[in-house]
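J.: Just lifted these from TrEMBL, have a look:
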SIGNAL    1-23  signal peptide
DOMAIN    24-231  domain 'GH16'
ACT_SITE  Glu117  active site, nucleophile
ACT_SITE  Glu121  active site, proton donor
CARBOHYD  Asn125  N-linked glycosylation site
Amino acid sequence: MAISCKIMLLGFCVFGLVSLVSSANFSELFEPSWALDHVAYDGEQLKLKLDNYSGAGFGSKSKYMFGKTTVQIKLVEGSVLAVFCALFHANLIDEVRCCIGVNVCSQMSSDGPNHNEFDFEFLGNTTGEPYLVQTNIYINGVGNREQRLSLWFDPSKDFHAYSILLESTPSSVLVDETPIRVYKQKEKKGVPFPKDQAMGIYSSIWNADDWATQGGRVKTDWSHAPFVASYKGFDINGCECPVSTNVVDNAKKCSSTQGKYWWDQPVMAELNLHQSHQLMWVQAKHMIYDYCTDTSRFPVTPAECEHRRW
C-alpha cells in the first residue's frame, strides 16, 4: 500500500513588539483546506482520513517568519506499504505535489515558483518494516536536498513531537527535541538561505502509490482503508505576517540586527554540546541517505555540503 499524508507546521517564539501567536487549539490556528468530510475531530485530536475516494488536508490561517513549529503526530498503523508523512516549513501553496502512495506529510512553505520550504516526510513500508523519515529543503524553488533516516521508535504507536526551527542563522529539524538535521547560514560563501519569505503550515494525506513504496512497485491495498493519521499539540509561537503588509516590511518586523529576538541571540548561532552529540548520534546510527554524499547525483559537491560539521 502507498498512502500519503502531509502536514506543514510552523511555530515561533519572539521577543519584542511583534504579533505573537501561541496556541495548541487547532481551530484558532488552522482550518481544513479540502475534503472536509475526511477531517474528523476527536477531543483534542484532529484526524485526517484517506480512502479510495479521497484524502484530506488542512492549512494555517496565517503566515509567519522565523521561529519554531511543533506538532504531535501519530502515524497510520498496520499495513501501510508506502506512507509518506512530512512536516514542511515553507512558503509553497501547492503542497499536493510532495506526496503520492499512502503519504503523510507536514510542510511549512511560502508561495510561488521561487518558494522556500522545509519538509518532514514519513515513508511507510511493508507491514513489520519501520517507517523512514525524509527531510528536504527548497530555497528559491530549488530542492534536491534530501536526507533519509530511520527512527529510534515506532511512530504509529504513540504521538511524537515533530518540529522545524527556522532562524536567521542555522535552521533545524527535530524529533522529540532531538535535532536530526541542521541547515547552516553560509550566504557569505554564496549559499542561499531561507530568510525573507513568510510561510504557511500545511498538512495532507492522499494516495501516493505511484512512487512511495519501492519506487511505485507496491500499490495501496484498499482493503485496509480507511487510513487515519492523528494530530494534536498544534503549536505556533511566532511573528505573524499579515497579507496586507509587504514582504520587505514583514522581513524588517520579524528580523533584527540588534539581537532583540531570541533567534538572533548569539547562543542560537550553533547547537549546544548536548545537541551536537545528539545530531552526531542520529547521523552515525540512523542516517540512510544523504544527498551531500551522493556523487552519482552530484558529481560536484553542493556548496552547502562543503566543510560541513554536521
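Residue 1 is the first one shown; counting continues down the chain.
In case you wondered, yes, glycine gets a Cβ from its N, Cα and C as well.
Unlike curated records, TrEMBL annotations are generated automatically.
Each of the listed features needs to be described in terms of its position in the shown structure.
T.: Here the domain 'GH16' (24-231) has a mean pLDDT of 77 out of 100.
Glu117 (active site, nucleophile) counts 26 other C-beta atoms within 10 Å of its own C-beta, drawing on all protein chains shown.
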